[in-house]
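J.: If you look up TrEMBL, you'll see 38-268 marked as domain 'G-protein coupled receptors family 1 profile'. The annotation transmembrane segment is assigned in TrEMBL to 21-48, 60-79, 99-120, 141-161, 167-192, 213-237, 249-270.
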């Protein structure tokens with residue numbers, strides 16, 4: 001009887017673990033897919049529509065590239081570990097997993113460094129607006145190249161010092177904290193300047209647009225920081241504990257952290273009217289000719305839209321939609 005009960009308990013435990021594994025694999029898979037598709041749509045929208053490509057957009061494009069890559073790597077990276085723990089099978093070969101992990105950590109650093117660049121870019125735009133407007137695209141590209149070079153260097157150091165990985169993780173957690181402090185201080189400085197500017201009435205359309213973009217970028221950075229903080233706090237606590245953490249708690253924190261790359265396109269949709277219209281146009285261009293979904297039109301544009309629709313072909317413009325992970329950052 002005891003042996004039978006033990007067998008039933010093991011079967012029940014295996015069934016529960018399988019359900020949890022499927023749940024977490026599905027969750028990370030969906031989040032990764034949403035991150036990739038939304039950021040791909042964001043990049044395509046900005047690239048296709050020239051009127052959206054202002055100076056402040058270049059840094060957001062760089063961040064969107066990092067987030068898109070992060071979404072693509074989230075799926076195999078996390079699902080491989082989750083399947084190994086709960087379902088007892090590995091999605092990737094060990095050699096392939098090492099490569100995926102290397103790219104993931106590199107892009108993770110890149111995403112954080114891109115956030116820092118975005119905040120410093122806004123400081124430059126706020127305090128030196130005339131020099132900022134005369135910046136060449138080449139200057140932006142040089143800054144982005146340095147950002148990604150630093151991300152690659154940090155990832156290489158992380159892997160080369162594998163034997164001291166516990167200490168290295170703590171060092172990089174400190175690096176993340178420093179990056180977040182830089183972001184916070186940047187926006188404190190910006191808010192001080194904006195407060196002074198608000199005392200003087202502003203009627204210039206370009207200044208109003210710049211202020212609106214500054215608030216949008218601030219929201220992007222703020223929400224991104226809120227998704228980073230739980231992961232940083234968790235790793236800081238974990239390194240001081242002798243007992244393991246609940247695996248579901250860890251995965252919840254990692255899922256929140258991964259959603260960092262999803263909030264940016266959502267903010268763009270709600271905060272940027274021109275982006276919202278361009279994204280809608282991009283989306284509807286991929287719909288079948290007899291689709292019932294039509295873009296919103298004003299009464300004055302109905303006739304012109306009908307004339308355009310008569311000769312329109314159905315074109316699609318580039319649219320797609322207690323075990324501890326002690327080394328994850």
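From the backbone N, Cα and C atoms, a Cβ is placed for every residue, glycine too.
What's the neighbourhood like for each of these?
T.: Across the domain 'G-protein coupled receptors family 1 profile' (38-268), mean pLDDT in this model comes to 83.
A Cβ distance under 8 Å defines the sequence-distant neighbours of the transmembrane segment (21-48), meaning residues of its chain 6+ beyond its ends; these are 57, 60-61, 64-65, 67-68, 70-75, 78-79, 82-83, 85-87, 251, 255, 258-259, 261-262, 264-266, 268, 275, 278-279, 282-283, 317-321.
For the transmembrane segment (60-79), the residues of the chain that approach it from at least six positions outside its boundaries are 24-25, 28-29, 31-37, 39-40, 42-43, 46-47, 91-92, 100-101, 103-104, 107-108, 110-111, 114-115, 117-118, 144, 147, 217, 220, 254, 258, 260-262, 264-265, 268, judged by C-beta separation under 8 angstroms.
Long-range contacts of the transmembrane segment (99-120) within the same chain, counting only residues at least 6 positions beyond its ends with a Cβ under 8 Å from a Cβ of the stretch, are 59-60, 62-63, 66-67, 69-70, 73-74, 76-77, 80, 92, 143-144, 147-148, 150-152, 154-155, 158-159, 176, 179, 182-183, 186-187, 217, 220-221, 224-225, 228, 260-261, 329.
Residues of the same chain lying 6 or more positions beyond the ends of the transmembrane segment (167-192) and with a Cβ under 8 Å from any Cβ of it are 112-113, 115-116, 119-120, 122-123, 126-127, 154, 157-158, 161, 214, 218, 221-222, 225, 228-229, 232, 235-236, 239, 326-327, 329.
Long-range Cβ contacts of the transmembrane segment (249-270) within its own chain (Cβ-Cβ under 8 Å, at least 6 residues beyond either end) map to 24, 27-28, 31-32, 34-35, 38-39, 41-42, 60, 63-64, 66-68, 70-71, 74, 78, 82, 111, 216, 219-220, 223-224, 227-228, 230-231, 234, 276, 279, 324-325, 328.
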